[in-house]
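Asker: For reference, TrEMBL lists these features for the protein:
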ACT_SITE  His118  active site, pros-phosphohistidine intermediate
BINDING   Lys12, Phe60, Arg88, Thr94, Arg105, Asn115  ATP binding site
DOMAIN    4-141  domain 'Nucleoside diphosphate kinase-like'
Amino acid sequence: MADVQRTLVLIKPDAVQRELVGKVVERFERKGLKIVAMKLAHLDEVTLSEHYGHLKEKPFFGDLLKFMMQTPVVAMIWEGIGVIDEVRKIVGSTNPREADAGTIRADMSMNVPSNMVHASDSVEAAQVEIKRFFRDEEVFTYEKLTDRFHFGEGI
Ligand code: IDP
Ligand code: MG
């Protein structure tokens, strides 16, 4: 069986404000990834301090939290073969002005912290982040007609 994984994606407040939620979702759908969970969530300081714990000492930490609390975010789980790396590739590198053309961040944003999306960066992070944002009953397993193209032998 191929390495089917799940990863957490957040559509950040800048993308919500700029009415780009659909464009982000479209990129992942078009690639052939499967959406298995999705909701709006207004994040609180405790959740965000945990989520961005690795940046606690950075001078922009306070502003990052404020930014992330401006509107609800769209939290999603995407499933697919090697999906953690695939999604990071589609999202592009942290600074949108350094990200490769064709990525979400390069194509639709110009700045940090307002770089459109968060995506888990490792198997361990994906496990922790999925648990952080979703209860088990909010995550779905289902068959899609296109699974044979994206998950099977490709025929
Ligand atoms: P990532 O989102 O590409 O994984 P991280 O280094 O984990 O990047 O940083 C998390 C988020 O913090 C970034 O996506 C961005 O929104 C914000 N951020 C990172 N560096 C800066 C900075 O220098 N100034 C302001 N915000 C930043
Ligand atoms: Mg990160």
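The backbone N, Cα and C atoms fix where each Cβ goes, and this holds for glycine too.
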Asker: What are the helix, strand and coil residue counts for the domain 'Nucleoside diphosphate kinase-like' (4-141) according to DSSP?
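Answerer: Within the domain 'Nucleoside diphosphate kinase-like' (4-141) the tally stands at 62 helix, 28 strand, 48 coil.
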Asker: Checking proximity to ligand 1 here: which binding-site residues out of Lys12, Phe60, Arg88, Thr94, Asn115 have their Cβ closer than 6 Å to it?
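Answerer: Near the molecule: Phe60, Thr94, Asn115.
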Asker: Just how spread out is the ATP site if you go by the largest Cα to Cα distance in Å among Lys12, Phe60, Arg88, Thr94, Arg105, Asn115?
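Answerer: Farthest Cα pair among residues binding ATP: 22 Å.
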Asker: Between the binding-site residues Arg88, Thr94, Arg105, whose Cβ has more other Cβ atoms within 10 Å than any of the rest?
Answerer: Arg105
Asker: Round to a whole number and give the Cα-to-Cα distance in Å for the pair Arg105 (ATP binding site) and His118 (active site, pros-phosphohistidine intermediate).
Answerer: 10
Asker: Distance check, please: Cα of Arg88 (ATP binding site) against Cα of His118 (active site, pros-phosphohistidine intermediate), rounded to an integer number of angstrom.
Answerer: 9
Asker: Cα-Cα, whole number of Å: the residue listed as 'active site, pros-phosphohistidine intermediate' versus Phe60 (ATP binding site)?
Answerer: 16
Asker: Ranked by the number of other Cβ atoms within 10 Å of their own Cβ, which of the recorded positions Lys12, His118 ranks first?
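Answerer: Counting Cβ neighbours within 10 Å, the top one is Lys12.
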Asker: Return the residues near Phe60 (ATP binding site), defined as same-chain residues 6+ apart in sequence whose C-beta is under 8 angstroms from its C-beta, sorted by sequence, else 'none'.
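Answerer: Counting only residues 6 or more apart in sequence, the Cβ neighbours of Phe60 (ATP binding site) under 8 Å are Val112, Pro113.
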